[in-house]
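Peer 1: Got a structure for you, written out below as structure tokens; questions coming shortly.
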Amino acid sequence: MTVVRLPDGTDKVFDYPVTVLDVAESIGPGLARVALAGKLNGRLVDLSEPIEIDSDLVLITNKDPEGLEIIRHSCAHLLAHAVKELFPSAQVTIGPVIEDGFYYDFSYERPFTPEDLAAIEKRMQEISRRNLKIERKVWDRSKAIGFFKDLGEHYKAQIIASIPNDEPVSLYSQGDFTDLCRGPHVPYTSRIKVFKLMKIAGAYWRGDSKNEMLQRIYGTAWVSSEEQNNYLRRLEEAEKRDHRKLGKQLDLFHMQEEAPGMVYWHPKGWAIWQQIEQYMRQVLAKNGYVEIRTPQVLDISLWEKSGHWENFRENMFITESESRHYAIKPMNCPGHVQVFNHGLRSYRDLPLRLAEFGSCHRNEASGALHGLMRVRSFTQDDAHIFCTEDQVLEEVTKFIDLLNQVYIDFGFHENLIKLSTRPAQRVGTEEQWDRAEAALAAALNQKELNWELQPGEGAFYGPKIEFTLKDSLGRKWQCGTLQLDFSMPARLGAGYIAEDNTKKIPVMLHRAILGSMERFIGILIEHHAGALPVWLSPDQVVVLNISRNQADYVQSITNELKQNDIRVSSDLRNEKISYKIREHSLQKVPYLIVVGDKEVENQTVTVRGRSNHDHGAMSLEGFVTLIRKEMAERV
């Protein structure tokens, strides 16, 4: 007799062997038709999975997040099946699920073309309509390796050979196509209905540039056509908002081959940077931080002491001078510890909050570089808080308040929070980890925040909190972090004199809000589609004349606005006013002031906002009040 407990607490009792599908059918034929898989005692399994002991079971349908992931995983197999039918000599490698879709990597004698992509998608639709049963079987390892070698699938044979001996080798078959996979998968190919192939890209085998270059086909799959169409519309909008396009259109920055992964900031782009940096300086000062500056090039011996040389060496730029070896800093923390160590510290000095707009360099792979979002030279809004264990809870709580206010001021009102706890390999005692994790969780709970636990995902030196923004298109950007560090202060000799006159090692909190200035500006550009809030816009106002008769008045207005700390320029070109308005509107300037003979006579200004919003005529003083209010409110 087997007892299966359902999520509502109901027990289903069977006196014969059953599968997950049998349980679904016992509940009702409707559920059996829509079920995709099951979660058996917390483990995702196929509908064909036998239930041999008393178990807890959750049936997974396409309404569950896991259901959509299973559909996408099965769609990756559908893609590989179609490629093998159309291009039999192609070799299949891996095909995982990614955010919003999936991909599959292939080795083939020639590059796939857009026409190939269309043919593959059409064949996928045909295979879906065949309603092939998808079956799982566990194979003997050597037999599975031989099977794929006989098919000429040498990559699959390599993967199987690398699977640990204690793991089963499971293969999934649909018709005459068989693939290696842990699963689970949908029961029939017909359950994969809504999908689209998106693009072709290059990818190295096992992600190593020393290996063969493969062809990666990306796709997306959804439960309904409506969801897929909404996703495609979001992609289209994201393409319009691409910060690289807008950066060129708005004359903000450029990048070139002579400095890969490094940014040339133009005056307008640098104006945005300066506004962000000045704002951050103000909020840091108000919250008890002191700003410092540390060297960019440090002797390798310091990186060896900190542990970065051992763990981060391949991403560091190295140089040599006078027989000494140096590294350009990839992060700021060792330098901040040196500032803390300079002089005798007392418990009365703690917490000490050291902040730096630290310029860092990391030797990222050229293929990973992406505009402002992934660069080699970047500036972090970095800070390190040195405190006692008893001060951790209060410091974390204060940081959360600061971070939330900063995000709101920049127009982000929703963020996701994850707490990552102790990994298997770690430093520090269990008691230290218990207290540290409890303090971080308590701070999040004290602020009544929703957060997700990520067991085992913390750094080796301490637990961490990650803050992920959601932008106006619903995309997620991990920016803020707070990491508790047991290791580095001890490794670099940091200490303070405690109240009992003994020397103790401080706790070190690594924290950032924006992450990197470059990436955050890229996110801001895309979030606002280039139409930045007034307080951040490089040009807040442009004053336009209709004819030469108004040139002196335009200059007078421009000077008055500058005196009120408003970023303003004038356009006195001998062009039609409609042309000038259109040109500056495309530059996404928040306000255009149009001046003709009537405005000169009445000593007024006619104001146009974005999206052709006509504010009409008003006094210059009235406009100054309007724009300064918007600047103060950061709208």
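Keep in mind that glycine also has a Cβ here, set from the backbone N, Cα and C atoms.
Sharing the feature lines straight out of Swiss-Prot:
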{"type": "DOMAIN", "residues": "1-61", "note": "domain 'TGS'"}
{"type": "REGION", "residues": "242-533", "note": "region 'Catalytic'"}
{"type": "BINDING", "residues": "C333, H384, H510", "note": "Zn(2+) binding site"}
Peer 1: Please spell out the DSSP helix, strand and coil residue counts for the domain 'TGS' (1-61).
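Peer 2: Per-class counts: 14 helix, 25 strand, 22 coil.
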Peer 1: Which one, from the binding-site residues H384, H510, has the smallest tally of other C-beta atoms lying within 10 Å of its C-beta?
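Peer 2: Minimum Cβ neighbour count within 10 Å, taken over the binding-site residues H384, H510, occurs at H510.
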Peer 1: So, in DSSP terms, is H384 (Zn(2+) binding site) helix, strand, or coil?
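Peer 2: DSSP assigns H384 (Zn(2+) binding site) to strand.
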Peer 1: What is the Cβ neighbour count of C333 (Zn(2+) binding site) at a 10 Å cut-off, with all protein chains included?
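Peer 2: The answer is 21 other Cβ atoms.
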Peer 1: Determine which residues of this chain, when C333, H384, H510 are set aside, have a Cβ within 8 Å of the centroid of the Zn(2+) site's Cβ atoms, and list them as they appear in the sequence.
Peer 2: M331, N332, H336, V337, D382, A383, Q483, D485, M488, M508, L509, R511
Peer 1: For C333 (Zn(2+) binding site), which of the three DSSP-derived states applies: helix, strand, or coil?
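Peer 2: Reduced to three states, the DSSP call for C333 (Zn(2+) binding site) is helix.
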